[in-house]
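Working notes, structure below.
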Amino acid sequence: MAWQMTQLLLLALVAAAWGAQAPRTPRARTDLLNVCMDAKHHKAEPGPEDSLHEQCSPWRKNACCSVNTSIEAHKDISYLYRFNWDHCGKMEPACKRHFIQDTCLYECSPNLGPWIREVNQRWRKERVLGVPLCKEDCQSWWEDCRTSYTCKSNWHKGWNWTSGYNQCPVKAACHRFDFYFPTPAALCNEIWSHSYKVSNYSRGSGRCIQMWFDPFQGNPNEEVARFYAENPTSGSTPQGI
């Protein structure tokens, strides 16, 4: 009896050691739908948020963001990321609305599962990579921002944060957006380290993520997420970072 207990104990120890060493497995395809990423302000699970603020309101029936997060998404230098949109003078309102909508999509959407990837970052454990943004949404973003000013083409890193919010690094000159982003694809693909990849598909195709949609017509991104979850080799679900 004693030797049997010893064997069982050894097996348990080996199993525990193996489990501790085993890497976290990628999300199963069934886990790619209706999910929130493990990031700084996201809820653990999506659900109704009836009072989401202004541009974030399309996600009120099913959201990964809280009401407070949606309010902060509309503020300059908000507590979310202390990001200053006006780092090269005042950003045009028509341009800023795209960045607010971009923030709402990132914080609130439960339909980004096929593009969620693990990262080893202090402020988040997951990010999105290569989200296929509808070409019209990318085009209008670029058109409305091309006459605003910035000093960098990658806004994820390289800022001067000594003041508590982002400022242009030394020797980084302010130029119009179309200097740093000469094409719509340059803007959408590069500004957030390839979080987006501008799609050849159009809005309503069921093959690209819409940053803007009419909630009274339903959320078109649900169909898009389902398609890429079921077709992981379709070309818009990158396999690594």
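The backbone N, Cα and C atoms fix where each Cβ goes, glycine too.
Sequence annotations record features per position, and here Swiss-Prot assigns signal peptide to 1-19 based on experimental evidence.
Cβ neighbours within 10 Å of C36 (disulfide bond), excluding its own Cβ and spanning all shown chains: 22. Here Swiss-Prot flags C36-C64 (among others) as disulfide bond, drawing on similarity to another entry.
DSSP assigns C56 (disulfide bond) to a helical segment in the three-state reduction. The local packing around C56 (disulfide bond), expressed as other Cβ atoms within 10 Å of its Cβ over all shown chains, amounts to 26. Per Swiss-Prot, disulfide bond is recorded for C56-C104 (among others), and the stated evidence type is similarity to another entry.
Listed in sequence order, L52, C56, W59, A63, C64, C65, T69, S70 are the same-chain residues at least 6 apart in sequence whose CB falls under 8 Å from the CB of C108 (disulfide bond). Positions annotated as disulfide bond by Swiss-Prot: C65-C108 (among others).
Cβ neighbour count for N68 (N-linked glycosylation site) (all protein chains, 10 Å cutoff from its Cβ): 12. Annotation note: N68 (N-linked glycosylation site) sits in a helical segment as assigned by DSSP. Per Swiss-Prot, the feature N-linked glycosylation site maps to N68 (among others); the stated evidence is experimental evidence.
Here Swiss-Prot flags C88-C174 (among others) as disulfide bond, drawing on similarity to another entry. All chains included, 14 other C-beta atoms sit within 10 angstroms of the C-beta of C174 (disulfide bond).
The local packing around C145 (disulfide bond), expressed as other Cβ atoms within 10 Å of its Cβ over all shown chains, amounts to 25. In this structure, C145 (disulfide bond) is part of a helix by DSSP. For C95-C145 (among others), the entry in Swiss-Prot reads disulfide bond.
N160 (N-linked glycosylation site) counts 13 other C-beta atoms within 10 Å of its own C-beta, drawing on all protein chains shown. Per Swiss-Prot, folate binding site is recorded for D102, Y106, W123, R124, K125, E126, R127, H156, K157, G158, W159, N160, W161, S195, and the stated evidence type is similarity to another entry.
Residues or ranges marked as disulfide bond by Swiss-Prot: C134-C208 (among others). Within 10 Å of the Cβ of C134 (disulfide bond) there are 26 other Cβ atoms, across all protein chains. In this structure, C134 (disulfide bond) belongs to neither helix nor strand by DSSP; it is coil.
For C138-C188 (among others), the entry in Swiss-Prot reads disulfide bond, with the evidence type similarity to another entry. Under the three-state DSSP scheme, C188 (disulfide bond) falls in the helix class. Of all the Cβ atoms in the protein chains shown, 26 others lie within 10 Å of the Cβ of C188 (disulfide bond).
Per Swiss-Prot, the feature disulfide bond maps to C151-C168 (among others). Less than 8 angstroms from the CB of C168 (disulfide bond) sit H87, C88, C151, K152, W159, N160, C174, each of them six or more residues away in the same chain.
Swiss-Prot lists N160 (among others) with the feature N-linked glycosylation site, giving experimental evidence as the kind of evidence.
What Swiss-Prot records for S234 is GPI-anchor amidated serine, and it gives similarity to another entry as the kind of evidence.
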CA-CA, which of the binding-site residues D102, R127, K157, W161 lies nearest C134 (disulfide bond)?
D102
Same-chain residues at least 6 positions away from C95 (disulfide bond) with a Cβ under 8 Å from its Cβ, in sequence order, are D144, C145, T147, S148, F177
Please work out which residue of K125, R127, K157 has the most C-beta neighbours within 10 angstroms of its C-beta, and give that one of the binding-site residues.
R127
Taking Cα atoms as reference points, which of the binding-site residues D102, K125, R127, K157, W161 is nearest to C138 (disulfide bond)?
D102
One of the binding-site residues D102, K125, R127, K157, W161 has its Cα closest to the Cα of C188 (disulfide bond), namely D102
DSSP three-state assignment for D102 (folate binding site)
helix
